[in-house]
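Q: Here it is: the structure, laid out below.
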């Protein structure tokens, strides 16, 4: 139970990665300003979180089961919080999907949207009425650079993030009238166990329904380029957690928060050309015409982005 003066923070998807790191960082806050409710679908996967939380577990951090894909689970989770009082909701739960769209079933696509989009909507719908009544609250959504800029072979994942960005941009206007803030956290590549395993798995998979050329472009062109980008520009879950903490502690939190300033020119390029041709043609050329050059550029960037520069890319400041 939260102590007097503590803000109640509920975080989804805390079994690993970004969610785990946000939960631990807030629970270990030196001033003990937060009472963290870390949630996950399967509490059998709690061990990593409990170990990372250390002494904070059972004091400033507690666990609750939550499946964002279930109306009943969402309602039960929020009802179990004292007075349903949540000061800060951090929507972090999400799933990825990668590969040629011809080989992805409609059921797989729906599963991504069920978690990445409708899961966020369920959570916001459940906590929003109480926040509006109190005229106070902060909703944080873990989005992605891919919610702002499409990326080849990430079609469905990108679409789910675009949908979430549009929903939240619309909601933010209404919520502001009730003194409730809504903030998007938009990372680029992040080094997590989930991402590493997914990249390894997709390289070995077969892709029925996709033509040979498309499969070759995916495996021999996109995946090596993606690996280069991850190595040169990737952040850690701790980086994203620090950024998220800065956002919730801001007096006037921004709506959009890119965590990696190296991606700012990429996003700006999209909005510099209303036809969309500039960004589409640039990414096409980078991937298919200038692959070797891109590899060299990423290698140089990896050398240049020493730890001190990486620290400076953590926004917002």
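Placement of Cβ uses the backbone N, Cα and C atoms for every residue, glycine included.
Sharing the record's features from TrEMBL:
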- 7-193: domain 'Ketoreductase' (DOMAIN)
- 13-41, 67, 161: NADP(+) binding site (BINDING)
- 144: substrate binding site (BINDING)
- 157: active site, proton acceptor (ACT_SITE)
Q: Within a 10 Å radius of its Cβ, which of these binding-site residues (21, 33, 41) has the fewest neighbouring Cβ atoms?
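A: Comparing Cβ neighbours within 10 Å for the binding-site residues 21, 33, 41, 33 has the fewest.
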Q: For the binding-site residues 13, 17, work out the Cβ neighbour count at 10 Å and name the residue with the minimum.
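A: Across 13, 17, these binding-site residues, the one with fewest Cβ atoms within 10 Å is 17.
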Q: State the Cα to Cα distance, in Å, between residue 25 (NADP(+) binding site) and residue 144 (substrate binding site), rounded to an integer.
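A: Spelling it out, the Cα of residue 25 (NADP(+) binding site) and the Cα of residue 144 (substrate binding site) are 21 Å apart.
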Q: Among the binding-site residues 25, 37, which residue has the fewest other Cβ atoms within 10 Å of its own Cβ?
A: 25
Q: Between the Cα atoms of residue 29 (NADP(+) binding site) and residue 144 (substrate binding site), what distance do you get, rounded to the nearest Å?
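A: Computed Cα spacing between residue 29 (NADP(+) binding site) and residue 144 (substrate binding site) is 26 Å.
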Q: Between the Cα atoms of residue 37 (NADP(+) binding site) and residue 157 (active site, proton acceptor), what distance do you get, rounded to the nearest Å?
A: 27
Q: List the Cα distance (Å, whole number) between residue 17 (NADP(+) binding site) and the residue listed as 'substrate binding site'.
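A: Counting only the Cα atoms, the answer is 15 Å.
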Q: Going by Cα-Cα distance, which of the binding-site residues (13, 21, 33) sits nearest to the residue listed as 'active site, proton acceptor'?
A: 13
